[in-house]
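S.K.: As annotated by TrEMBL, compositional bias 'Polar residues' applies to 221-249. Per TrEMBL, the feature domain 'DZIP3-like HEPN' maps to 58-181. The domain 'Protein-PII uridylyltransferase N-terminal' annotation in TrEMBL covers 428-506. Under the heading region 'Disordered', TrEMBL lists 1-20, 209-249, 1119-1140. Annotation source TrEMBL lists repeat 'TPR' at 816-849.
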Amino acid sequence: MPWPPTAMESPPKYHTSRKEKVTTRKVLHGILTRTGTAAVRQFLLWNLPPAPSGSLELSDVLISKKPLLSRLLHGTAGQPKALRPYQYKMLFPAMGEPDIGLWDIPTMYALIRYLCDVKPPHWIGWERFPDKNNTEPVHDVIRIRFLHRAMFSETHGRIPEEKLNSYWSCLKTVLERLANYYGKSFSDEVLFGIQSLSRPTSTVVSSTRSSVPFAPRRLQSRPQSAGAQSRTKGTAMSSVIGTPDLQTPGTLDAREHSSFLDLVRSGDTDFSVGQLDGAEGHFASALRVVHRRDDAVSLTQQAACLEKLGLVHLQRARGTRHPRDYKTAVALYNAAVARGKELPARELMNKLIQCLDMALKAVAVEMAGARTQGAIDKLTYSADLPHKRTVQSLRNYAMERMQYLESRYTYTVSSDQDPFRSLAEKQRGETVRILYRKMSDTIKRVVCSMVQECVTIQGKPPCPFAIVAFGSLAREEATPYTDLNLAVLLPESSEDSDHLSYFGKLVILLDLKMLNLGETVLSSIGIKTLNDAGSSNPLDDWFLDTVTKRGFCLGRWELSGREPVPITTPTRLAQFQIKESRCHPSDWTKVTLIEGEQALVDAYEGSLNSHLSRYSKFGNKIPVLANDKACEEILELSRRFGSPVIDTDNETMIHDVARELQFLPSRMVCVLGLYYGVTYKNPWSIVDELGRRGVLRPHDVHHLKVAASIGAEVRLRTQFAAGGKKDAVRSLSQVCGRELIFRFYFTISPLQDMLHKFAQDMVSRRRSGPRQLNLSRTALIDDSLRVRGNIHLKLLEYGAAEQSFSDMIHENVTDAGAMVDYGRTLLGIGNYTSAISFFDRALSMMELMYGEGLITPIAIRALYYSAVAASDLGDYAVCMAYLDKALKIAGTLYGKDAPHVDVAVIRQRLGEARGKTGDHFAAMSQFQTSLEIRKYLHRNEGNHPAISKLIIALGEALTNCQQHEKAAACYEEALRMRRTLHGVPESHPSVAGALNNLGASLQSSGESIRAIECHEEALRIYKQLYGERCDHRAIADTLTHLGVALFGDQQSVKAVRTHEEALEMKRRIFGEEAQQESIAETLGHLARTYKAMGDESKASEYTGQEYSMTRAVYGKAHGSNTFMTDDRSNSVSPDVEFDR
């Protein structure tokens, strides 16, 4: 067939002028660029060979071929110069991953020729226009390349009528033939492209701007859609929530509502012309305006943004066919459905469910290749409702059993060997054990059913496989709110590309079915426009899913990155767990089969045990590697929980008590099982085996099983009280009684002390080889006054703790530890002078006993508490001296630079003292070191209140160093953590404090509008907590700071009203005649505001009042020397701290 091709038919004769000819030619060029590029891209993706590792990721394939592509760029080693520099840069960008959506036809044509095996690279047909008898797809790709070259070369000149007819005829024939080859999805696009050429010129131009869901190549930054599904029967590719449905402002003010609507309209416009990245950015920005509100109108607005974002990702997925894009689309639709459920009208939710089913159908057909209607129906919202009902029934059953336990059995706070009490404890513990076994079995059946449905969708597996679970489900400790840690095991010789592709899609289908349960928070998906956790700017990780209750979902593995389930062989997984896993040993040494071949599970366990069971050359009976892992875990437990109640922060203490109650027994029992080589999986069986081996005495077996049962029971009660698996700090009284807590610590305290001493011995003696741990030397029950006093301190019951430690001192006046603990209780009630005297007595007593060394945990506690008392009395030099000495002892006792919780607490307090003395850079250094230690210790726990407090302290130090942007980023991160800890829209004073800190920092940076938003939200929380008409210092201070922000935004009238309201409230709180620094500060802000408004009389009046009160507070020297020259900026007082 000669070039150019012979005209077979003519395009429509609508053009009568040169202008209309150019327009029609441009449309023809646009259809070739969009649809032709999609055809070549699809051919490349279908024929691109996998990387040598078997990976089908585009970046991996390109890296494996980089030497060849480099030779094609430079024309070396006998290769032609087939790539241009701009093309090579697109294949290997300087930042990020290669983006196939940016590649043009010449680039992809070169890759098809030199990388794909369709024809040899030297085949002469690559440079010739194919004959009309050659109708293979590769020949049609060559035709598109020739058409593209011809159209591109003649874009700026006239195209004769004959040529235009020939191009049109050839293009139409090629696209129709490729449509039959690629299937229905591509056929829809071809049909639309051809129909667009059959319309009048005006219609064609309109279509290219508003209806075609594609953009020119230069506007794309990611691969675009391969099919115009908006014109496919039964799959409406348009939003079900239009702009008319969003006209009600709800809680938005006029400015916010206008901005919200503009963002939505801009997103709709971008989507209509195929600018998917632009549309995603606008919809995400619109969501950011409304996502922290919980009224019905705001939920509708959120659902609209999420549904539109889902539509964007679904359109993108139809171009890339990447499983992650499909998964993101389904997750967004599920988030929209979750908000629809909260609305009284069911019509909107039903429409959203229809959109979700449309996305799921696209996944089943386009990604998984489902061919029958029965297979497609397995992946719908309604298909997963039975699983959801099963999980809910399990929760109801578990809640009934918890109520039964509460009414039938009780714990006592006595250590007497009462046989009736022991029998009741045993029966209650056995009931908890049976309940957990039933929950684990039910969860495994649910997941197994989901896996079988996924296999039905995708077809018969290409090789044997096993889907296994680790963590709590393997230990039979899973709750109905658990997150699952799964893995797919394949035979050792089955990791080829076809197998990996099949099981990769299977994992995505399973993840989508878990998403349909509606208990996976959207922030865990990692959508970059919402939660870019990898960004250096914390503000990019801003979205907090406040509607979805986190519960039954898939967890995330280190081995698979962002994907939930790794696919590997038993040997490779065992090697990874031994050498690289940062999880607790209890999470990867226990495994259970969900679906598939038990032989693969046995192979994994065999490989794991072969590593753990290597004996030393001396023939030691304890396996060396298992012993080492167990000792590392014991050291980790010691570093994490540290000395008892050294921390003086109440919120952190309550949080840690809750963590200890829920997770400490299981971790301790599992690490003991690993140490002694016990292969049983659940804690109760491990304790029984330790008893049979004689490691534990019979009474200790009973006590340790009781502690394990209490931990399991409290964990379940906590999740029921929170309504899901949350990090929120709840009152312990909501989930368990005092008797249960005391009974728990009567056993855990002696075991914790034993392991803590064992860890200290490891650090101090630096022994090599197996360590000997003897559990039979200590009874695992201790209800002494010391243990009771420490429990009272953990529960913030200072009066009862004082009585316990006072009785200890009367019994033994030389007990230094009792004196330190007694001083700690005095410190808690504010009796600093008496507390310091007891600390000094304890230190003197220990110096007589141990000499000048004082290398004991008791000495660290005495020095730390002395520093706290000195700090509260304002003597920061003495405080820092105590802390430096305590830090030195901790380094000797725990190891230099050891990540120990005591070191983190001491450094945090030292940073606070440095800041009080004005050394803000030294304070910043101490906070950063403490923060690094805390993040390491709590790396597997999610958010922790101690981390958020450190971030706020670091932000204050940065503010004092005039680094306001970094400070604002710290406050934003702390606020996100606080919202996660305490829940939204639940009100908590620490959330309001974080908002005020952020607002103050933003105001210092000149961002008055955002500062106003923060202070207004903080004010709302405080009023919700304390009442609308309540006079409270926190409300008054927030009003003052809101007035400062309003003044910074040049809203002087509002600022005056706000400051006057704050002034009246402060005078009601302190008294009309009170002389207070806070009142003087408000008077000064009023004076400056009136002066800016031009009211010199009012300004002079308030200036005089501020002057008089400042002299009364600070003395004559302060007033005469500083006040008259005061030229302060419109910022808050640095002495006001919201989050302490």
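Using the three backbone atoms N, Cα and C, a Cβ is placed for every residue, glycine included.
Annotations in TrEMBL come from automatic prediction, not curation.
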S.K.: Is the repeat 'TPR' (816-849) packed against any residues at least 6 beyond its ends, judged by a Cβ distance under 8 Å, and which are they?
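M.R.: Hits for the repeat 'TPR' (816-849): 645, 648, 786, 789-790, 793, 796, 798-799, 801-802, 805-806, 808-809, 856, 858-859, 861-863, 865-866, 868-870, 872-873.
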S.K.: Average pLDDT across the repeat 'TPR' (816-849)?
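M.R.: The average pLDDT of the model in the repeat 'TPR' (816-849) works out to 87.
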S.K.: Just to be sure I understand, if DSSP states are collapsed into helix, strand and coil, how many residues of the domain 'DZIP3-like HEPN' (58-181) fall in each?
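M.R.: Here the numbers are 78 helix, 0 strand, 46 coil.
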S.K.: So, by DSSP, how many helix, strand and coil residues make up the domain 'Protein-PII uridylyltransferase N-terminal' (428-506)?
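M.R.: The breakdown for the domain 'Protein-PII uridylyltransferase N-terminal' (428-506) reads 41 helix, 12 strand, 26 coil.
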